[in-house]
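Colleague: Below, the features straight out of TrEMBL:
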{"type": "ACT_SITE", "residues": "His77", "note": "active site, proton acceptor"}
{"type": "BINDING", "residues": "Asp78, Val81, Gly83, Asp85, Ser87, Glu98", "note": "Ca(2+) 1 binding site"}
{"type": "BINDING", "residues": "Pro170", "note": "substrate binding site"}
{"type": "BINDING", "residues": "His200", "note": "heme b binding site"}
{"type": "BINDING", "residues": "Thr201, Asp251, Asp259", "note": "Ca(2+) 2 binding site"}
{"type": "DISULFID", "residues": "Cys46-Cys124", "note": "disulfide bond"}
{"type": "DISULFID", "residues": "Cys79-Cys84", "note": "disulfide bond"}
{"type": "DISULFID", "residues": "Cys130-Cys328", "note": "disulfide bond"}
{"type": "DISULFID", "residues": "Cys207-Cys239", "note": "disulfide bond"}
{"type": "DOMAIN", "residues": "36-332", "note": "domain 'Plant heme peroxidase family profile'"}
{"type": "SITE", "residues": "Arg73", "note": "site 'Transition state stabilizer'"}
Amino acid sequence: MALKNLLALVVLLALVGVSIAKPYGNPLGNPRVKGDLDLDYYRFKCPQVESIVRRVTFQYVSRRPTLAAALLRMHFHDCFVRGCDGSVLLKSPNNDAERDAPPNLTLKGFEVVDAVKSVLERKCPGVVSCADVIALVARDAVSVIRGPWWPVPLGRRDGRISRLSEANLPSPFADIKTLKNNFRVKGLNTKDLVVLSGAHTIGVSSCGLISSRIHNFTGKGDFDPAMNPSYVRTLKKRCKPTDVRTPVDMDPGSARRFDSHYFNIVAQKKGLFISDSALLNDFDTNLYVQSQVLTRGASFNKDFSDSMVKLGFIQILTGRKGEIRRRCAFVN
């Protein structure tokens, strides 16, 4: 009789869509950041979710590989403001949402998230959150360009609030002390800071973000002494003082490959941003940079995967908090 009752319970759980397979505890050490996710969260409610995300993401990123960096950046920007709740996707009629903040005006790839969500809504209406979609798309986009793979525990819910005033993201102009604090308050440690900085191995920036650094660092027509002088000369040829649009690789020589080459660039004082160069100004971050150079990135892929899992747990909404948006750009 007990066996029959147990079997009946398993069937009931399957019918209501409760996953009992792979709970994934929150890896963040910050006691204020709570909540668990599940690798099989959609096992019964939408079993095709990962294959759908993978297929649609591949369709877009295989045609435009630069989207990999853009979608990874979107996930990072989402998680660092109000947590991984999809709030970066929300539009505002008053242009005062997160995506209207200066750091987010250059975000790209919204069409990929929307395309994935559209397919999921046809297959499993009202089930898969936009927050989970962003997390999966970022992972799968990196995989398309043969970058590392990491598990994405699921079960996040979508936030209903998105404010431009709260989009205080880690700045490319920040020093190491500020960066460490930015990460610490989110439950991420110094290793996560330097490892996730390695995402700069793919993608591009623009001359506008480095103009003062190479042309007029202290207001005297000089350049940042933390930069390699020969690299500054190269950048000056590409970026004239008034040029704000020309693209610049963040990892020159390897910007299309996800690898550890970024750390070689930083070690050579060719980091594009002040925040890149700042990694040499702390014992622990500098040690990690040098270790990746010496070992040719032996641990980078695994380290990156581990830190991405931690990133995906920042201030998550679970249970009855938040909602499951039908359209990612608008609350229900």
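Note that the numbers count up from 1, one per residue, in the order the chain is shown.
Cβ coordinates are placed from backbone N, Cα and C, and glycine is handled just like the others.
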Colleague: Using the CB centroid of Asp78, Val81, Gly83, Asp85, Ser87, Glu98 as the Ca(2+) 1 site centre, which other residues of the same chain sit with their CB within 8 A?
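Modeller: Surrounding the site, in chain order, are His77, Cys79, Phe80, Arg82, Cys84, Gly86, Val88, Gly159, Ser162.
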Colleague: Hey, how far is Cys79 (disulfide bond) from Cys130 (disulfide bond), Cα to Cα, in Å?
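Modeller: Between the Cα atoms of Cys79 (disulfide bond) and Cys130 (disulfide bond), the distance comes to 12 Å.
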Colleague: Mind giving me a neighbour count for Cys124 (disulfide bond)? Other Cβ atoms within 10 Å of its Cβ, every protein chain shown.
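Modeller: By my count, 17.
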Colleague: Starting from the Cβ centroid of Thr201, Asp251, Asp259, which together make up the recorded Ca(2+) 2 site, report each further residue of the same chain whose Cβ lies within 8 Å of that point, ordered by sequence.
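Modeller: In sequence order, the nearby non-listed residues are Gly198, His200, Ile202, Ser254, Ala255, Arg257, Phe258, Ser260, His261, Tyr262, Ile265.
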Colleague: Provide the number of Cβ atoms within 10 Å of the Cβ of Cys239 (disulfide bond), excluding the reference atom itself.
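Modeller: Looking across every protein chain shown, the total is 23.
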Colleague: Measuring Cα to Cα, how many Å separate Thr201 (Ca(2+) 2 binding site) from Arg73 (site 'Transition state stabilizer')?
Modeller: 12
Colleague: Within a 10 Å radius of its Cβ, which of these binding-site residues (Asp78, Asp85, Glu98, Asp251, Asp259) has the fewest neighbouring Cβ atoms?
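Modeller: It is Asp259 that, of the binding-site residues Asp78, Asp85, Glu98, Asp251, Asp259, has the fewest other Cβ atoms within 10 Å.
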Colleague: Taking every protein chain shown into account, which of the disulfide-bonded residues Cys130, Cys328 has the largest tally of Cβ atoms within 10 Å of its Cβ?
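Modeller: It comes out as Cys130.
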Colleague: By Cβ count within 10 Å, point out the most packed of the recorded positions listed: Arg73, His77, His200.
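Modeller: Sorting the candidates by Cβ neighbours within 10 Å, the top entry is His200.
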Colleague: Starting from each candidate's C-beta and looking 10 angstroms out, tell me which of the binding-site residues Ser87, Thr201 has the most other C-beta atoms.
Modeller: Ser87
